[in-house]
Amino acid sequence: MASAGDPLLPGEGSGRRPGFLPSSIRLKTSVWSELGGAVGDLGTYIPIVLALSLASHLDLGTTLIFTALYNFATGLLFGIPMPVQPMKSIAAVALSSAHLTVPQIMSAGLAVAAVLLFLGATGLMTCIYRLLPLPVVRGIQLSQGLSFAFTAVKYIRYVQDFSHSSSASTAVARPLLGLDGLVLALAALLFIILATGSGDDEDFASDGTIRRRRSCSRVPAALIVFALGLLLCFARDPSIVRGLRFGPAPLRIVKITWDDFKTGFWEGAVPQLPLSVLNSVIAVCKLSSDLFPERAELSPARVSVSVGLMNFVGCWFGAMPCCHGAGGLAGQYRFGGRSGASVVFLAIGKLALGLVFGNSFVTILGQFPIGILGVMLLFSGIELAMASRDMGTKEESFVMLVCAGVSLTGSSAALGFISGIVLYLLLRVRDVDYRGLLRRWGAGRRLTGSKVGGDGDEDA
């Protein structure tokens, strides 16, 4: 049986791969497959960054440059398509009625970074990871995946206004035709399904042998769809060319006052922390072991320290607070990413755009067809949700579904997590054989009494 690392294109055998490249970023499949995976998580990245750039005046060029550096580092260190995504809870608060300023957003990112760095450096994150029941982790993954899918359907069906929020669906239905119409989004959806199917790399025959390679390894569906979206930006509004300015934005240190830090901590960091611990570290490590079983399990401590260090560097310069995310990892894997090369390719693209266009690139992203982003986000969410299909018993599925349901209904991963833990412990208490414990306790007391009586007789 061929292995998952077999080359898919002629000339890509191990003998012809550049020997000077670190093993973490050597191609596991093909260049086109890794390029497709590189854009697999942009369905979540672009709406949040675009909304913050328009509504909160976040510098897009600075964020592109720093997230490119993060992508380079994580690709080299972890050897998988480890995503770098904006911290969603902080972004949601910044775009809500609270409307955090840039210094307050950066303060929230620094506070989350400090906590994650502490948990990772002390080894506490590893303890948390090993103690958490698998059904609870799966419930968090399922809720996050379904949340992405619900948001994606809104992107596809309704007109969006990202000048106020990254999920600001209007009541206006998306027009049927046009350069960002419903027909375009459905055409992209059908193309990806026909090209990639359910996302499996290989098609297995009944005897366990590989019958053929699936098309997703040869057709970079996500890359083609994303490239089409970029071309349509200029077709929708050719005048955006005049708004482009060449050269990177100047780096400036963000001045943070004590009041900024207090507001950022309570308004942004506190709601973000549970999501960062559960989805950015715990769920990422579990999902990576599911998607890459041949690799050694990711260290939760290393992932936690990675998130902390990224934000301690970038937040001082105004880069959007970022973390890793199970949804981004699922999306990049879904569209072909299998090694660190995938995010290195993405880093090259981000760095080039950040250095060449700086903050003016927001004029292009502002015209990107949102229906296409919705299609890409839909597949990312489904891939993440499908990780929960390994629950082997009804009891495990029960805990997982309750955890996911509470997370979705309350829009809080922390609330779902607490509900899942309480339910799991209650089921464990229910399974305890109290009669057996009482019998063993009584037998132990009688045995102790007989020994004491025997010793007394001997002394007499």
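The backbone N, Cα and C atoms fix where each Cβ goes, glycine too.
Keep in mind that this is a model prediction, so the values were computed, not measured.
What TrEMBL records for 35-58, 64-84, 105-132, 177-197, 217-235, 343-362, 368-386, 398-427 is transmembrane segment.
Stretch with the largest number of CB pairs closer than 8 A to the transmembrane segment (343-362), among 35-58, 105-132, 217-235, 368-386, 398-427: 35-58.
Using a cut-off of 8 Å between Cβ atoms, the transmembrane segment (217-235) and the transmembrane segment (64-84) share fewer than three residue pairs, counting only pairs 6 or more apart in sequence.
When Cβ distances are compared across the two stretches, the transmembrane segment (368-386) makes contact with the transmembrane segment (35-58), since 3 or more pairs at least 6 residues apart fall below 8 angstroms.
If you look at the transmembrane segment (105-132), the same-chain residues 6 or more away from its ends with a CB under 8 A from one of its CBs are 52, 56, 58, 87, 90, 93-94, 254, 256, 260-261, 263-265, 267-269, 272-273, 276-277, 280-282, 285, 299-312, 314-316, 318, 320-323.
Counting same-chain residues at least six beyond the ends of the transmembrane segment (35-58), those with a Cβ under 8 angstroms from any Cβ of the stretch are 81, 83, 85-86, 88, 91, 94-95, 99-102, 105, 148, 152, 155, 160, 162-168, 216, 219-223, 226, 318, 320, 325, 327-329, 331-338, 342-343, 345-346, 349, 359, 362, 365-366, 368, 370, 373-380.
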